[in-house]
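K.L.:
Annotations for this protein, taken from TrEMBL, read as follows:
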| type | residues | note |
| --- | --- | --- |
| TRANSMEM | 6-25 | transmembrane segment |
| TRANSMEM | 74-92 | transmembrane segment |
| TRANSMEM | 99-117 | transmembrane segment |
| TRANSMEM | 147-164 | transmembrane segment |
| TRANSMEM | 227-251 | transmembrane segment |
| TRANSMEM | 321-337 | transmembrane segment |
| TRANSMEM | 343-365 | transmembrane segment |
């Protein structure tokens, strides 16, 4: 590791910590969809603004994300006798999210060698990116969605079992639970997770074929056996997804409608479904702003990541999962008429990794002795 690289990376970490105290506002949602909701719930601040997504009549957001990032820390602060204040409500979620953002650094450091990529390029670009400094440290649901996808990448690559485990695979069960957590954070998580789900099925199929070939002289498992293996993967993941989802639904129902509603199944709150129904109405989307279908690819990707999308697609083509984890969700999200840049934040990890070969080939970075 060069001293130039370490110096720049260390400076970027300090800048990330300093960004906690930035008073600039990226978007009102960083306040309305997390700190203000929890300020009302924990400290009973009557003046806190509760947006339409968190109205008890039809909640469009799960309480999961704001509870983890703000609610629980506020509750601890209250138990310790800390008085409510604007700085408390503003800074605590940012501190939590800044600490969580270090998980991305660990993920890039861990995953890059698995793809044969030098970790220094992706890690440096990530640490100095404005998306890291100003979005990953703010209380957006997109930030937590990106965090959960990063965890999914780690589980998929680091927890690969040595032999086929069927329905009981810890990797499959954990990914099913992460899929539920992500879907209740934002239902668009399903689109980002889709390539990883296919990769999981393919990985388990490979393990199944290897296991069967050891038990039999026939080195070609039948189609029926392989389909049963796919079903086992789906069953394990679906079971974990359902159990986790039910747990979140019960918590949301209790928060929004009280304990009595838990005994009335029709009153249960399924926030992602409510949000999906809301977004299926063109009039609702028009109220938030309509964009051309090319907005994500032509504007938002460059706004967030500069030249990295082009570099990733050009230099990272041999890493099919990484490219698919960029192209598939961005293309599917482009079908929707309302397109905000922060919606694409979860592609951050595959994008940084896929553009790694381009950074390694950069004459400018090599001559600067940073890499």
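Cβ atoms here come from the backbone N, Cα and C positions, even for glycine.
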K.L.:
Which range out of 6-25, 74-92, 147-164, 227-251, 321-337 gives the transmembrane segment (99-117) the most CB pairs under 8 Å?
P.N.:
147-164
K.L.:
Excluding the flanking five residues on each side, which residues at least 6 beyond the ends of the transmembrane segment (6-25) place their CB within less than 8 Å of a CB in that stretch?
P.N.:
31, 91, 94-95, 98, 101, 123-124, 127-128, 132-134, 137, 370
K.L.:
Sequence-remote contacts (6 or more beyond its ends) of the transmembrane segment (321-337), Cβ cut-off under 8 Å?
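P.N.:
Apart from its flanks, the transmembrane segment (321-337) reaches 115, 188, 191-192, 194-196, 198-199, 279, 282, 285-286, 290-291, 293-297, 301, 309, 312-313, 343-344, 346-347, 350-351, 353-354.
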